[in-house]
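Asker: Below are the features listed in TrEMBL for this protein:
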| type | residues | note |
| --- | --- | --- |
| DOMAIN | 53-320 | domain 'G-protein coupled receptors family 1 profile' |
| TRANSMEM | 41-64 | transmembrane segment |
| TRANSMEM | 76-101 | transmembrane segment |
| TRANSMEM | 121-141 | transmembrane segment |
| TRANSMEM | 162-185 | transmembrane segment |
| TRANSMEM | 205-238 | transmembrane segment |
| TRANSMEM | 259-282 | transmembrane segment |
| TRANSMEM | 302-323 | transmembrane segment |
């Protein structure tokens, strides 16, 4: 996201701070982009890798979902499908704008004088960026209650309800992305001129929107960490229980391994950007809106962190592709499928145990 050269036509609008232009120095982007790795083939290659990875993961997920009878596993696969679809569409939508810019080198001010394309690209960056973080927290919460409260009917989520939850996450992220269009904050063209994102300036509306986006993302990552940590500790306690070794819950372990992988990738790829946004906005607040252009160093750091975020969409699908039982059993043959008896509660009425196992 956001790799490319800067067209000289944008320099004519460098002072228009009230539009989606003028937040960075156009000449800086033009002079440094030639020597950077931000070439058309670089961004195109990684975009294609990400799209193919997500397509492959989606095919594997759809194939696996048809063979499952476990409701817990089925709902988890629905959330994974929602995550993979979100990553795929995020790469597709942003690449459809950014990659053509690399080859055409169109002037944003001439092609998009009303900032409609910039607003759309900025909305896409926020929407497809926030969705994976919220979905990760949702999946962690679902597994937390499923592992720690296995007998509660409220923790049993059907496929339809799982898709409804995914739809709610999409709807909330859509509403968040529309806030600048509705008047809170702005989407502006970012260094080196090939992408649009939220504006890191001390204007009140921009600051509120930036903090809302960043703090919500940080909260989602921390919530995922808490839920996943408790779930992993619970499973480890069960796994090492002498009476429960022969009844370990392979499906739950598999799901938690995938969740932890997703959480680690999201933390590494997203936290630097989110913390950078918070720090930049809070440091500039004393300026009270007097700053009309981002410093060059801030522009470059923002671009680096956005490149890191791009890897989240590329690596997410490989978590499911590689960390499945079918793959892990080939690496570790000792991981044999075992009956999924509820090992958290080893003393059960036999008929209740059989019923829960069949469910």
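Don't overthink the numbers, they just go from 1 along the chain as shown.
Even glycines carry a Cβ here, placed using N, Cα and C.
Unlike curated records, TrEMBL annotations are generated automatically.
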Asker: Can you tell me which of 76-101, 121-141, 162-185, 205-238, 259-282 gets the most C-beta pairs within less than 8 Å of the transmembrane segment (41-64)?
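Answerer: Between the candidates 76-101, 121-141, 162-185, 205-238, 259-282, the best contact partner of the transmembrane segment (41-64) is 76-101.
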Asker: Hey, which of 76-101, 121-141, 205-238, 259-282 has the most Cβ-Cβ pairs under 8 Å against the transmembrane segment (162-185)?
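Answerer: Most contacts with the transmembrane segment (162-185): 121-141.
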Asker: Any idea what the model's mean pLDDT is for the domain 'G-protein coupled receptors family 1 profile' (53-320)?
Answerer: 85
Asker: Residues sitting near the transmembrane segment (205-238): Cβ under 8 Å, six or more positions beyond its termini, same chain?
Answerer: 126, 129-130, 133-134, 136-137, 139-141, 143-144, 147-148, 176, 179-180, 183-186, 198-199, 244, 248-249, 252-253, 256, 259-260, 263, 266-267, 270-271, 274-275, 277-278, 280-281, 284-285, 343-344
